[in-house]
């Protein structure tokens with residue numbers, strides 16, 4: 001009898017521990033109050049994973065050597081952007097890039113100690129995820145398990161610690177800008193946005209939403225002041241080049257007419273190269289970009305403000321109390337991520353490193369802004385990730401990528417385009 005009682009007691013203890021474990025796991029996955037417990041576990045796991053990748057996965061040379069060659073010219077005293085070159089061609093990034101990679105040039109023994117550079121990028125990867133997690137947490141509508149999707153991308157790990165692309169620096173400052181906006185630190189957000197823009201031009205895709213949110217929050221005059229601050233920072237950063245060769249700087253650092261190589265594009269591979277590089281195709285994409293943005297501006301982004309014209313009237317009259325009512329954390333994040341995503345869809349080309357431009361926003365857009373079933377949200381993330389891991393890209397992978405991009409866009413249009421209306425209860429879905 002005593003042995004039987006002991007056995008029953010052991011079973012009860014085991015069952016109790018199992019139930020407690022289930023409760024803890026459930027809270028880690030679904031309970032917003034456990035958000036940072038989940039986030040901390042993921043960040044620790046990511047730190048270990050990045051160390052293992054650096055130690056056991058071969059580094060692949062793509063642009064690092066060219067970056068080092070470009071900044072070595074600057075460090076040697078050259079200020080003419082037309083003469084700053086590397087093996088892959090001329091320097092085509094603004095001044096912020098030059099300063100960051102000049103620092104990396106020294107930290108990595110003139111670019112030779114690549115592993116040291118990889119560890120710097122591993123820290124950058126963790127910093128980026130920390131900031132993105134802060135953005136997600138501010139929504140209060142995103143369950144913690146969504147963070148897992150932000151940490152399982154093979155391509156993103158590769159972009160950071162195996163390729164060392166400058167896109168990574170541009171995006172961490174951009175996400176920091178969004179975090180500052182969520183906290184209503186508008187001047188800081190403009191400073192961070194300008195720094196991000198000084199590293200790579202892709203952050204201009206966020207500008208339509210960025211300008212609109214500033215206008216809603218501050219009115220016309222303070223918005224103009226903050227935008228002038230953004231421009232002023234660009235000038236200050238570029239001063240060593242502008243003071244000697246201004247035409248060369250603008251021609252290279254902000255070269256809007258540049259045509260990318262068809263071979264490396266991830267999108268539009270189902271088109272002939274002749275069409276891909278044609279000016280007519282570029283014009284169609286530009287028109288499509290403007291058309292979609294105008295659609296969201298007039299029909300989706302300003303509904304809480306009783307329309308665009310009412311918003312602009314209040315903003316011009318300085319009626320900030322009216323225009324700022326809709327500017328919540330969810331509204332800011334949704335508009336910023338959506339504006340960028342629209343630009344991604346109609347980009348003339350997407351190279352593999354460009355995945356970092358919008359990867360971190362996809363789970364938010366799918367879970368917060370669409371009414372898709374969970375299965376379809378997960379499938380969308382899986383298929384987009386798959387397309388970005390097909391190398392070289394094919395007609396099928398490019399077509400699939402466009403299809404799932406359009407699925408997301410359509411569901412943003414019919415879902416919660418303002419970041420306010422849809423509230424998901426994951427356990428009821």
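Using N, Cα and C of the backbone, Cβ positions are placed for all residues, glycine too.
TrEMBL annotations: computationally assigned, not manually curated.
What TrEMBL says about this protein:
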- 34-58: transmembrane segment (TRANSMEM)
- 91-107: transmembrane segment (TRANSMEM)
- 119-136: transmembrane segment (TRANSMEM)
- 157-181: transmembrane segment (TRANSMEM)
- 193-215: transmembrane segment (TRANSMEM)
- 224-242: transmembrane segment (TRANSMEM)
- 281-298: transmembrane segment (TRANSMEM)
- 397-414: transmembrane segment (TRANSMEM)
Ranking 34-58, 91-107, 119-136, 281-298, 397-414 by Cβ pairs under 8 Å to the transmembrane segment (157-181), which is first?
119-136
Are there residues at least 6 beyond the ends of the transmembrane segment (193-215) whose Cβ is under 8 Å from a Cβ of it, and what are they?
93-97, 100, 166-167, 169-171, 173-174, 177, 181, 186, 222-223, 226-227, 229-231, 233-234, 237-238, 254, 256, 293, 297, 301, 311-312, 315, 323, 327, 331-332, 335-336, 338-340, 342-344, 354, 357
Same-chain Cβ contacts of the transmembrane segment (119-136) under 8 Å, 6 or more residues past its ends?
35-36, 39, 42-43, 46-47, 50-51, 54, 104, 107-108, 142, 146-147, 150-151, 157, 160-161, 164, 168-169, 171-172, 175-176, 178-179, 182, 333, 360, 364
Which listed stretch (34-58, 91-107, 224-242, 281-298) has the most C-beta pairs under 8 A with the transmembrane segment (397-414)?
281-298
